[in-house]
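Accompanying notes for the structure given below.
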Amino acid sequence: MSYLLLVEDDAGIRTSLVRALRERGHTVRTAANAMDGLQAVLEESPDVLLLDLGLPDLDGTTLLPMIRAVKQVPTIIITARDDEAEIVRLLDAGADDYVTKPFGADHLDARVRAVLRRAEVSGTAGPVEVGGLVIDPARRTAVLDGRELDLSRKEFDLLHHLAGRAGEVVSRQELLTQVWRQPYGGADKTIDVHLSWLRRKLGESADAPRYLHSVRGVGVKLVPPEVPLQPEVPSEPEVPSEPEVPSEPEMPLEPEVPLEPQG
């Protein structure tokens, strides 16, 4: 059974959502404003946060980073706004998914279950190694050659997704669907910007890639960097041996002088 926190100021919507979600097996706590919602996150640690943007005391776009600063709670944005740029900013700021009003209870329940599945997989999967890059989804850390990288939430999510498919070309549509949760398309420029930031932190560029390789018109792949060939060390020249000194010719023996006969 999952524990959900619903932050929604409209009493009618709040009541109907609580009833529908409880009927589907969830435990639900509610908050009618941003500060009560923040306090509930700190006290209760919900499995999923359902966050409305139009709150009376503080807009949800401001509340989300405040929550992220203290707790990594899977978050689904509930909004009547359909501004794509704002939705992209919210996803980049740490939201895991969003639903646009009006929506059905089954739709929201499916989104909640999907976020819970992703959180479970992320929490149990072991570190992924690609060359000198080690990505730990449980700790949400990425270490390159022994040095931890300072990554935003979406940069980490993008890198982790590519690492899970290391060596394969991942399409932009898949990245928009799986990383940005935009199944019906979105801004390709968002991917380009995040890839550029990642490359900078990995110490590479699009013109001189090491880990991140773009495939024009298809997508991007993460591969171990090629190991540069070590230059051959020239062998030391052989030292010529010293010429043999010819031996001195043997002197001929003097002939023996015959002894004179004794008289």
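Even glycines carry a Cβ here, placed using N, Cα and C.
All annotation found in TrEMBL is predicted automatically rather than curated by experts.
Record features (TrEMBL):
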| type | residues | note |
| --- | --- | --- |
| DOMAIN | 3-116 | domain 'Response regulatory' |
| MOD_RES | Asp52 | 4-aspartylphosphate |
| DNA_BIND | 125-224 | DNA-binding region |
| DOMAIN | 125-224 | domain 'OmpR/PhoB-type' |
| REGION | 223-263 | region 'Disordered' |
| COMPBIAS | 229-238 | compositional bias 'Low complexity' |
| COMPBIAS | 239-253 | compositional bias 'Acidic residues' |
| COMPBIAS | 254-263 | compositional bias 'Low complexity' |
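Secondary structure by DSSP for the domain 'Response regulatory' (3-116): 57 helix, 24 strand, 33 coil. In the domain 'OmpR/PhoB-type' (125-224), helix, strand and coil residues by DSSP number 33 helix, 23 strand, 44 coil. Other C-beta atoms found within 10 angstroms of the C-beta of Asp52 (4-aspartylphosphate) number 25, with every protein chain shown included.
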